[in-house]
Every structure is written in structure tokens, then in C-alpha cells.
Amino acid sequence: MASSSSSDILILAIGVVLAALYLFKDSIFPSSKSKAVPISTSKNLPNGSGNPRDFIAKMKESKKRIVIFYGSQTGTAEEYAIRLAKEAKQKFGLSSLVCDPEEYDFENLDQLPDNSAAIFVMATYGEGEPTDNAVTLTQNLSDESFEFSNGGRDLSNLKFVMFGLGNKTYEHYNAIARKVEADLMAMGAHRIGERGEGDDDRSMEEDYLEWKDGMWEAFAREMGVEEGQGGDSADFVVTELETHPPEKVYLGELSARALTRTKGIHDAKNPYASPVLASKELFEVEASRNCVHIEFGIEGSGIAYQHGDHVGVWPSNPDLEVVRLLCALGLYNKKDTVIGIESLDPALAKVPFPVPTTYATVLRHYIDISAVAGRQILGALSKFAPTPEAEAALKALNTNKEEYNQVVHDGCLKLGEVLQLAASNDITSYPTPENTTAWNIPFDIIVSSIPRLQARYYSISSSPKMHPTTIHVTAVVLKYESIPSQKVNAKWVYGVGTNFLLNVKFAATGEQAPMIAEPGKAQPATVSVPSYAIEGPRGAYKQETMYKVPIHVRRSTFRLPTNPKSPVIMIGPGTGIAPFRGFVQERVALARRTVEKNGPEGLADWGKIYLFYGCRKSTEDFLYKNEWPGYTAELGGKFSMHTACSREPPYKPDGSKIYVQDLIWELRDEVAKAVLDGKGYVYICGDAKGMAKSVEEVLQRLLGEAKGGSGEVEGAAEMKLLKERSRLMLDVWS
């Protein structure tokens, strides 16, 4: 009986082994053929066979010789990609395929024909990171194991153009454009012309204009084309619709789901109309500025967030600028006319907003008419001037860079104001059809030339562990004086996003917006702050006394260490404190659970939490001043806040102001010990140009000296190591 059983087991075992060998034969006995790259199936299909991710097939089908890939986080790189495509068509008659790299595969990049070229428009995001839609592209190009359709990594037939978008106040200026270029050239690709680099801190537009002419000359030589083969051609056809169901007309809705009021996932393409559950002014009455605290409700929305994330707020343009441009375009009396817009080449220029809509809706909700007018657009519009004098004025601003900078750039003039100024209208009077000269500019050119109105992003100032159904925002309201010139007096300039939020706050709390004095003048206050159509399309953003704001959440890597035993050092003057309020709340929520389970001694081995904060005066702009003592108590002495009030005593011995970097230096021994011995984490949030740079210099110096060396050598090495290990993280802006 035993031997029979053993035989059965042996036979069964042999059967299992044979079955396994058959099932896994490809893995155990690999074929001699080269292994296929499991990124895409397009290279195994003739001409893509309709594969929507095959850009080569699309180029062949539509007879395009240029493919343009853009890495864009906020839409700016996409705008420049479209501009390059339009210029290629106007100059040389060459059509382009403008591609979001997230929607395409790259293993057939080596198949780009010899008479074609690729253009890369790459923004650098965060700490030298690719934008979300360019992650796969950058990984494919740098990954040695990624193979193109030829079975290797040979791009010697590829000709490409590179334009990067960055900000010099950040350490990793244009890092992605440089990295992508280096990867392409390492595989044999040939760059056409010089790499262009736009600096958002200086003037992205001027950097682009200075670069593009030389690039196009090199492009013409490499591609064997001559300028003049193209011509002016419209991107869109705008049609006035006499009859259309009113319920199908977009009046500011940001998505089809918003128009039909159907449920769906809320993201950048379908923002959530979030109710404003609370709002208040954070600065004291004596302050000359505003700082708004707003709490957005997200219960039932499906939106989730983590501490350190950003919230995108979708504003509208102020009423004054909408009316001004309607008058300047001669459309004021047709503002509510329903229009349809169709792209003449969807691969080149998609209609950037939902249609059908109205003239007024486009200017109010969909395009950024509040931005400073670009120099290039003025040349294109001069041919539509109402008088020879207006044409000459606009051409002068287009061709004379110095005059443009003095009048338009320094004067912060929007397009409507420039058109009024060129036509000798009074830009200080409230615009009407009677006092504003109409320009006969085709509306399709306005749609083509002015970028889409984008969301404004703010660091979330709450923790979901303490506030799971609300998102808090802390925003200083942007208001400053323009620089006067011989043609334009100084005026108040208002940031679109923060003044939109201020309007919402006034309405939600039932306050009257205050009057202010004109720049450079004493009282009386005669200037009103901008007003906005905060009720939203069809009144969708107002329910009785409740207001709503369209929002979405953008993920961030700005996170606390998961282990509370790690020391944390946070530096955030001004509204740079916003994410750190969320950080501290996150730790407080964890401390509550820990104390409830293990008692106060459960916090004994936690690392110290330092917060270095700066403001002007403790009696004026100390944000959340009354909250911090409570957090300190709940964290059992593990949390300490160090505040520099720059415009009140104490001052330095020489009478100069004290800032956060000075407080860090005073505690240099503690900070160095927390970082070097405690393996602590350092976070910086706020102004990139001044504060962040000064803080990094102090950190570098104290770490270098703590290691027995200098800031320039040992300190720099330690800072580099901290960044590589994500123990020094920045959330900064210029």
C-alpha cells in the first residue's frame, strides 16, 4: 500500500513539473530573437494601424513634417508649443503635430523621416522635476533598457529643436530641457540651432523672442526650406449662431459635466464647485494689506488631499477688463451673442475652451485678458488699427523693445488698455462704447493669441487628519503700483486669483469692498478694488448666502517624514507658513492618537519640530497667531516656534532688520545637530529669490562648520546630499 502511494506521488510530481515547463517555457528557454519592448504595440502594427498613440502614423496620414512635444504643468509650455507650430506654418508652410507626450509612445521616435524634425518645449517643475505629463518621456529617454523600434538606442537620424521654460531663482534652472537635450544627443540626435531657455523670473516672452529668430534661420538651413512659403492663415472659424438651445450654451462652465450638472471625477479638467464654508481676514485692521483665509468644503465631492498638496482655484477676469476689451473690439452690444468656434487644424490648435459660448463669456471666463499684453501680439494686431496713428503706435510698441518695456511691461498694461492707449483713448475712465475706439480685430485672432485662463495654485494650509472635509487656503492679496512713464501714470495692479478670492470673502461675510486712494495720492479714497462675477455661470456659484468656487487638487511631494522620531525644521515667512500649518496639524492629530493610546510618554521619543516664521509686525500680520500656543501644548514640548518681526524691535546691533535666516543662525548648533545627528528633514516655503536663497546659504554655512569645514566645501556637499535624499525640500515661488 505504501509503495503504491509513493508511485502515485512520483507520477503526480513529474506531471506537475512537465506542466510547469510547458507553461513557462518562454521564460526558462528564451528565444534567440530580441525581446520586444513592452511599452507599446504600435511598432508591431503596420503604420500604427490606427493606434492613437502612434505619432509617426498620424504625421504621415496628415502630411506633417514637424512633431512638437510639450512638457507643461500650468499650460505655458503648451502655449509656446502652439506658437512654434503656428510660426512654422506662417513662415515655411509646414504643418505640425502638437503632442501631449502623455498621450503618445516613443519607441518609434527613431522612425521620424529625414525631412522631418521634432521640437521639444519642456518646462521644469518643482525641484528639477519633469512636469506630470512628461514623466514617461523623460524616463524613456534616460532609461538605458528602453529600446526604440530598431532594437537599440540610436537616434542619429533625429533632428530636434529645444526650448526650455524655467525660473532662475530656482536651483535647477531649466534642468529638464537640458537633461532631455543631453539624453537625445547622447543617442546621436542632432540639435538645430541653439537651445532656447526662458526665464519666468525675468521675462519668458522676451527670452523666447530673442531666441526664435536665430532658431528659425538654422531650421530653414537644416530642413531645406525658405521663409515666405507660408502665409497668414486663421486657426479658427468663429460663427455667430442665430439659434441654439440656451441650455447647451457654455456661460463659464469649465466642463461638460458642469454644464449638464452630472457627477464625475473632479480634477483639472472638471473642477469642483466647492462651497466656501468659512472665510476671514488674517491681517489686523491697521494693516495696509489683505490676507484671506478661506475654507473650501469637499464633503461628498470625491476629492481627497494630503498635507503639502496644492489647491488650484479657477478665477474669472475682473468686470472692468471684460467691459474694456468688449468695447475695444466693438463687441459690447453683441456681448451675449452665441458663437461657435471650430478649429481649422485640430492637430495644430484645439479650441481651448468649451463651445458654443458667447463673446463676453470667452473674455470673462476662458482667456487670460488680465495678463500684460505680449510684444509679439501687438505687431499682429496693428494691421487692424482704426487709424494710421493707432497703427503706428502699436507698431512702435511691437518693434521698439525699450518703449514696450517702459510703457507696457512696466505699466502693467493689459491688451484692452494697450488698444485704448494706441487709439488715444483715456484708459483711466470707465470704458464705454462711446469713449473707446473700436478695433476691427477678427475674434478668431483673439482666441488664437491670448492664452487660456488657468487655475491659480496655493499651498493647502490644513491637514486632512484634522480637517477631512475642508481645504484651507491662506493667500496674501496681490496689489502693487505700476511704474509710471511719460505715456502712462502709475496705477494699482491687482493679481487676478487673490483679488477674486478677496471678492468671494467680502460677499461671503457680507462686507462692503473698501475704496482706496489712487497711487501716490493721499485721501480721499476714490478707487474701487476690482469686482468679479462671483455668482458664476447661471448663478451656479451662489445659493442664498453661500458662495462656491471651482477648485481641484494637485498632488505634491512636499511631505513630512512618516516617522515622527525624525526632527523637522520648517522655514516659512509670510504665507510660506501655509503648508506648515498643515504639517503641524498633521503631527497634532497623530499626537492625539498617540497620547490617547500610550499617554503623554508616547511622545517622549519624537523628534523636535522647529518652525521659523517671519512677518512685519506681531500686531499686524502674524498669521494664525492665536493657534500656535495650542499646538505647542498638544505636542508636549516637541514643537517650538521662532518668529522674526522685521519691523519691530529687537533689531541687530547695527539697526538692521532680523529675518528668519538670522534666527536659524542663532540656533545653528541645535539645527546642525537635528540635521546631522538626528537625520532631520528641512522644509523651505516662500519667496525663492530672496528668502529661500538666503536660508540655503545659512544652512550651508552652519552645516559646513558643524562638520569641521567650510560652507563652500563641506556645507555644499551636505546640502547636495540632503536634496538627493529628499531631506531638504522646497515649495517656493518668485
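Note that Cβ sites are derived from N, Cα and C of the backbone, with glycine treated the same way.
A TrEMBL annotation is a machine prediction, not a hand-curated record.
Annotated transmembrane segment per TrEMBL: 7-24, in sequence order. Among the features that TrEMBL reports, domain 'Flavodoxin-like' is placed at 66-216. Residues or ranges marked as FMN binding site in TrEMBL: 72-77, 123-126, 165-174, Asp200. The domain 'FAD-binding FR-type' feature in TrEMBL is assigned to 269-544. Taken from TrEMBL, the feature NADP(+) binding site applies to Arg289, Thr575, Ser646, Arg647, Lys657, Ile658, Tyr659, Val660, Gln661. The annotation FAD binding site is assigned in TrEMBL to Arg456, Tyr457, Tyr458, Ser459, Thr474, Ala475, Val476, Tyr480, Gly495, Val496, Gly497, Thr498, Trp733.
Structure with TrEMBL features highlighted.
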{"residue": "Gly75", "record": "FMN binding site", "contacts (Cβ under 8 Å, 6+ apart)": "Pro451, Arg452, Gln454"}
{"residue": "Gly126", "record": "FMN binding site", "contacts (Cβ under 8 Å, 6+ apart)": "Thr557"}
{"residue": "Tyr173", "record": "FMN binding site", "contacts (Cβ under 8 Å, 6+ apart)": "Thr124, Gly166, Asn167, Glu197, Asp199"}
{"residue": "Arg456", "record": "FAD binding site", "contacts (Cβ under 8 Å, 6+ apart)": "Gly312, Val313, Trp314, Pro315, Val496, Gly497, Thr498"}
{"residue": "Tyr458", "record": "FAD binding site", "contacts (Cβ under 8 Å, 6+ apart)": "His310, Val311, Val313, Val473, Thr474, Ala475, Gly497, Ala578"}
{"residue": "Gly495", "record": "FAD binding site", "contacts (Cβ under 8 Å, 6+ apart)": "Val477, Leu478, Lys479"}
{"residue": "Lys657", "record": "NADP(+) binding site", "contacts (Cβ under 8 Å, 6+ apart)": "Ser646, Arg647, Tyr651"}
{"residue": "Gln661", "record": "NADP(+) binding site", "contacts (Cβ under 8 Å, 6+ apart)": "Met691, Ser694, Val695, Glu697, Val698"}
{"residue": "Trp733", "record": "FAD binding site", "contacts (Cβ under 8 Å, 6+ apart)": "Gly686, Asp687, Ala688"}
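Inclusion criterion for the binding-site residues Ser72, Ala123, Tyr170, Arg289, Tyr659: a C-alpha placed within 10 angstroms of the C-alpha of Val476 (FAD binding site); this criterion is met by Arg289. Overall, the recorded NADP(+)-binding residues Arg289, Thr575, Ser646, Arg647, Lys657, Ile658, Tyr659, Val660, Gln661 cover a maximum inter-Cα distance of 24 Å. The FAD-binding residues named in the record, Arg456, Tyr457, Tyr458, Ser459, Thr474, Ala475, Val476, Tyr480, Gly495, Val496, Gly497, Thr498, Trp733, extend over a maximum Cα to Cα distance of 22 Å.
Taking the C-alpha atom of Tyr659 (NADP(+) binding site) as reference, the shortest distance to any of the binding-site residues Ser72, Ala123, Tyr170 belongs to Tyr170. Model confidence over the domain 'FAD-binding FR-type' (269-544) stands at 93, taken as the mean pLDDT rounded to a whole number. Put simply, Ala123 (FMN binding site) is 33 Å from Arg289 (NADP(+) binding site) when counted between their Cα atoms. Taking each Cβ in turn and tallying the other Cβ atoms within 10 Å, the top scorer among the binding-site residues Tyr170, Tyr659 is Tyr170. Ranking the binding-site residues Ala123, Val476 by the number of CB atoms within 10 A of their own CB puts Ala123 at the top.
Take the CB of Gly497 (FAD binding site) and look out to 10 A: across all protein chains shown you find 20 other CB atoms. Taking Cβ-Cβ distances under 8 Å and a sequence separation of 6 or more, the neighbours of Ser72 (FMN binding site) in its chain are Glu78, Ala81, Val121, Ala123, Thr131, Asn133, Ala134.
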